[in-house]
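Engineer: Pulled these from Swiss-Prot:
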- G10, A11, G12, K13, G14, T15, R127, S136, Y137, Q199: ATP binding site (BINDING)
- 30-59: region 'NMP' (REGION)
- T31, R36, Q57, L58, V59, G85, F86, P87, R88, Q92, R160, R171: AMP binding site (BINDING)
- 126-163: region 'LID' (REGION)
- C130, C133, C150, C153: Zn(2+) binding site (BINDING)
Amino acid sequence: MKIVLLGPPGAGKGTQAKSISNRYSIPHISTGDIFRKNISENTPLGIEAKSYMDNGQLVPDEVTINMVKDRLQQDDCKNGYLLDGFPRTVHQAEALDNFLTEREESIDTALLIEVPKEFILERMTGRRVCPSCGASYHIKFNPPTNDGKCDLCGSDVIQRKDDTEETVKERLDVYENQTQPLIDFYKNKKQLSVVDGTQAINEVFESICKILGSDK
């Protein structure tokens, strides 16, 4: 089973990716992990990627694509995989398609966890964290018992810079501009499956399993 996982920041992709990986016994492949591994192991692609990053430049598509190709040819991908964070653009999706076609393979489904912008804003801007012990809270869904204080150590909880309304809106705008053409790409290929991400975590996973089926 070969799956592409799509969804906005704050949609819970990481949580669902872990559950899908465990349920269907396929590796969860994130571009972040691929980059870190290549760079830490000083592979030729890792060295090339790091040279761009050190100069404050974006890593070219071809480098990312080649890293993903290398990863998909490893033994643990023989029975499928879950791609998270790739493809991000139609160009990358086309490159993935071409690579799979050469191997007489194809993506089984592009799984979109769909969550309205307002819901994401509430979910992400409400997050709070304790800088001392790392405990996580949410001002609406899981607030600390003592207003503004960590239940575990008593420190003041804070909002991370990534969770401010301005930052979240910027990330969502980037996501929409980048991902809508990608959603249309998979929709036109009749490979897109959509899940309501506003449900409870277990309900989202149940919906995903209905789409993917019961076979491992």
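We number each residue from 1, going along the chain as drawn.
Cβ coordinates come from backbone N, Cα and C, glycine included.
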Engineer: Given the binding-site residues G10, G14, Y137, C153, find the one whose Cα is closest in space to the Cα of F86 (AMP binding site).
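Structural biologist: Nearest in space to F86 (AMP binding site), counting only the binding-site residues, is G14.
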Engineer: Ranked by the number of other Cβ atoms within 10 Å of their own Cβ, which of the binding-site residues G12, G14 ranks first?
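Structural biologist: Within the set of binding-site residues, the most crowded position is G12.
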Engineer: Let me know the DSSP-derived helix, strand or coil state of C133 (Zn(2+) binding site), please.
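Structural biologist: Once the DSSP labels are grouped into three classes, C133 (Zn(2+) binding site) ends up as coil.
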Engineer: According to DSSP, collapsed to three classes, what secondary structure does T31 (AMP binding site) have?
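Structural biologist: Its secondary structure by DSSP: helix.
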Engineer: How big is the gap, in Å, between the Cα of Q57 (AMP binding site) and that of C130 (Zn(2+) binding site), rounded to a whole number?
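Structural biologist: Q57 (AMP binding site) to C130 (Zn(2+) binding site), Cα-Cα distance: 33 Å.
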Engineer: Cβ within 8 Å of the Zn(2+) site centroid (C130, C133, C150, C153 excluded): which residues?
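Structural biologist: Going along the sequence, the neighbours come out as P131, S132, G134, A135, D151, L152, G154, S155, V157.
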Engineer: How big is the Cα-to-Cα gap, in Å, between G14 (ATP binding site) and T31 (AMP binding site)?
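Structural biologist: Here the two Cα atoms lie 12 Å apart.
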Engineer: To the nearest whole angstrom, state the Cα distance for the pair C133 (Zn(2+) binding site) and G12 (ATP binding site).
Structural biologist: 23
Engineer: Could you measure the widest C-alpha to C-alpha distance across T31, R36, Q57, L58, V59, G85, F86, P87, R88, Q92, R160, R171, the residues recorded as binding AMP, and give it to a whole number of angstrom?
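Structural biologist: Largest pairwise Cα separation, rounded: 31 Å.
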Engineer: Let me know the DSSP-derived helix, strand or coil state of R127 (ATP binding site), please.
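Structural biologist: It is in a strand.
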Engineer: So among G12, R127, Y137, C150, C153, all listed as binding-site residues, which is physically nearest to R160 (AMP binding site)? Use the C-alpha atoms.
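Structural biologist: When the Cα distances are compared, R127 comes out closest.
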Engineer: Can you give me the same-chain residues 6 or more apart in sequence from T31 (AMP binding site) with a CB-CB distance under 8 Å?
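Structural biologist: Sequence-distant Cβ neighbours: T64, M67, V68, D84, G85, F86, R88.
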Engineer: Relative to the Cα of C150 (Zn(2+) binding site), which of the binding-site residues G10, G12, V59, R127, Y137 have a Cα no more than 10 Å away?
Structural biologist: Y137
